[in-house]
Amino acid sequence: IGTPAQVTTIDFDTGSSDLIVPSVDCANCTGPFFDTSKSTSFATTNQAFATAFGDGSTANGVLSTETVAIGSLSLQNQAFAVITQASKGFDGPNAGLMGLAFPTIAQTGATPWFINLANQGLLSSNVVSFYLSRQGADGSELCVGCIDTAKFTGEPEYFPLTPGNASQKYWDIASQGFTYNGNLVTQAMTATIDSGTALIYLPPSQAAALYAKVPGIQAAADGTAWTFPCANAGSIGTFGIMFSSGTVFNINPTQFNAGPIAQGSDQCSGAIMSSGKEDNTALVGDAFMSTWYSVFDYGNMRVGFAQAV
């Protein structure tokens, strides 16, 4: 970001639409930081910016414009927010965040970087795709304007966005519901595919209905999680999502186990949680995307999945 370019790290988030980068004087932020005084292409509007996230963290700063590049893909005068103050929960592991959802939810009021590139015809294909490694291994990959066929087997199966028009907010697709051992259990609901969310969140009634089918699992005291003996993680059964085609997309069992509920505990938590909201929406995050190579196709307003290697 900037001229000359300053390197920082970013969470690529299909569940939001703003680019936010911490400045050198930001409290409770994680570096590498952006020093506005060292960029000849930086311009500020002096307009205040504030945003909040689902985990309760907040970030505040100033709306600005700058040259922003990933690899060889560079865009001038991209609107973004320079973060000067953030809550404690905002710190790390990466410095900033780049939203890859739609302009309608941008707190900056700006068109996201990826959509700007697509609208200006600067991409060979108007897609962005994710390969997420499993079990903490290196090798995750974001492919902007491309699909990396070496990262999956077979062909992606695509599903149209809902509503799929100018009012689009998120990467939402229709699902017939969640499955356990291949059998449909929950009701149909909208699935929001969100790379910025680690786990999977269902409406409370649907999470309860799903886990009611699972032997040896019980609701945690906090009312949002379900737990099981960590020793049984390999035999807990298989969870999946059935989208509109009727194909079941299972979650890799290793990704269903979200780990011990506390350090040293022999009880583990499932990666499917209660969202606390009866909104008929499933928030589908990295626990699912790490099993399935995910293609976000802006050109055709659809999301595709293929079996990740």
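Each Cβ is built from the backbone N, Cα and C atoms, and glycine gets one as well.
Remember, TrEMBL labels are computer predictions, not curated facts.
These come from TrEMBL:
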| type | residues | note |
| --- | --- | --- |
| DOMAIN | 1-306 | domain 'Peptidase A1' |
| ACT_SITE | ASP13 | active site |
| ACT_SITE | ASP194 | active site |
| DISULFID | CYS230-CYS268 | disulfide bond |
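Of all the recorded positions given, namely ASP194, CYS230, CYS268, those whose Cα is no farther than the 10 Å limit from the Cα of ASP13 (active site) are ASP194. Note: the CA-CA distance between CYS230 (disulfide bond) and ASP194 (active site) rounds to 27 Å. The Cβ of CYS268 (disulfide bond) has 23 other Cβ atoms within 10 Å, all protein chains considered.
Sequence-distant neighbours of ASP194 (active site) (same chain, 6+ residues apart, CB-CB distance under 8 A): ASP13, THR14, GLY15, TYR170, TRP171, LEU283, VAL284, GLY285. Each residue in the domain 'Peptidase A1' (1-306) has a pLDDT score, and their mean in this model is 95. Within 10 Å of the Cβ of CYS230 (disulfide bond) there are 16 other Cβ atoms, across all protein chains.
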